[in-house]
C-alpha cells in the first residue's frame, strides 16, 4: 500500500511583496502626533464596506492602507481600483500586492457602475494597478468603466487616477476619448528619488503624459500629486511644481509618505504642518487652480468637494480673463 501525503493543503500563502522579502528592515522615526487618525468603526464605514464586498470590488483605500479610510467610507466615498489587486510594478513606497495579475474581468465595469449607483456618489474616483502585461496597459478597460458609469449614473462626475501607460502607444488617447472629468496621474516624488522610490517609471514621461492630456482635450481637468518625507529637498519640490505648471496641470496634491511595512522605503522625516502650509501657498502663486497640501492629504481625499472648488476656480479665472 502506498500512502500519499498532501502537501498542497498546507501551502504557504504567497507573500504580498516577494521582491522585498530579502531586504533588511527599514526603520522609520516614530510618528508625530499630527499623523495619528482614529480607527474606522462607524456605521457608514461598515455600510460602504458591505457594498464594496457584495460587488466583489477592490479599493485602493484598503490595498494601499490609506489613513483616511475611516473618514471617507463613513461619508460613502471610496476609490475603486480596477483590473485586479496585483500590480506589475514594485515601487518602494506602495503597499499594493505585486506579481503576475489575473486576466481582466469583463463584468467589472458594470459592477463598479452598480456600486456607484448604490452609494449614490456625486463624484467617483477610479484608479488601477499597473498592467504592463496588457497590450494597452488597461486603457480600454478604463474607458469601458467610464462608459458604464456614464450610462447608469449620468450626473456623477468621474475622476480617474491612471498608471503611466509606459510604452503603450495609443493607450492615453483611448482613455482621454472616454472624457473623464478629471485625469489624475501622480508623479509620486521628485526626479532624484525615482531610482530608489519608483524605479519602473520615468519622471519626464509622466510629466509629458499630463501635458498630452491637455493637448488632446483642454476641457479635462488634470491633477497630480507627490509624497514628501522620502529624502527630497525643498527646492526639488518647488521644481516639481514648475514642471507641472509647464504641463498646464490644474490641481496639485502633496502629502506625507507613510511606510506601509518595514520592507518598504523608510520615512526619512516627517514634514511639519507649517511646511505643508508653505508649499500650498507657493503652489497657488505658481498658478495652480487647486492645491491640497497637508500630512494626510491623499489623491482621492475630499475629491468630490475639491472638484467643486476646482470648477469654481476655473470659472472665476475665465471670468477675470474675459
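Note that Cβ sites are derived from N, Cα and C of the backbone, with glycine treated the same way.
Taken from Swiss-Prot, the feature [4Fe-4S] cluster 1 binding site covers 61, 66, 72, 300.
Taking a C-beta cut-off of under 8 Å and a sequence gap of six or more, residue 91 ([4Fe-4S] cluster 2 binding site) has these contacts in its own chain: 188, 197, 198, 199, 200, 201. Residues or ranges marked as [4Fe-4S] cluster 2 binding site in Swiss-Prot: 87, 91, 94.
The feature compositional bias 'Basic and acidic residues' is assigned by Swiss-Prot to 8-25.
In the predicted model, the domain 'Radical SAM core' (73-289) has a mean pLDDT of 96. Taken from Swiss-Prot, the feature domain 'Radical SAM core' covers 73-289, and the record attributes it to sequence analysis.
For 1-31, the entry in Swiss-Prot reads region 'Disordered'.
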**Q.** Cα distance (Å, whole number) from residue 300 ([4Fe-4S] cluster 1 binding site) to residue 87 ([4Fe-4S] cluster 2 binding site)
**A.** 19
Q. How far is it from residue 300 ([4Fe-4S] cluster 1 binding site) to residue 94 ([4Fe-4S] cluster 2 binding site), counting Cα to Cα, in Å?
A. 16
Q) What is the number of other Cβ atoms found within 10 Å of the Cβ of residue 94 ([4Fe-4S] cluster 2 binding site)? A) 23
Q) Which of the three DSSP states, helix, strand or coil, fits residue 300 ([4Fe-4S] cluster 1 binding site)? A) coil
Q) Over all shown protein chains, what is the count of other CB atoms within 10 A of the CB belonging to residue 300 ([4Fe-4S] cluster 1 binding site)? A) 27
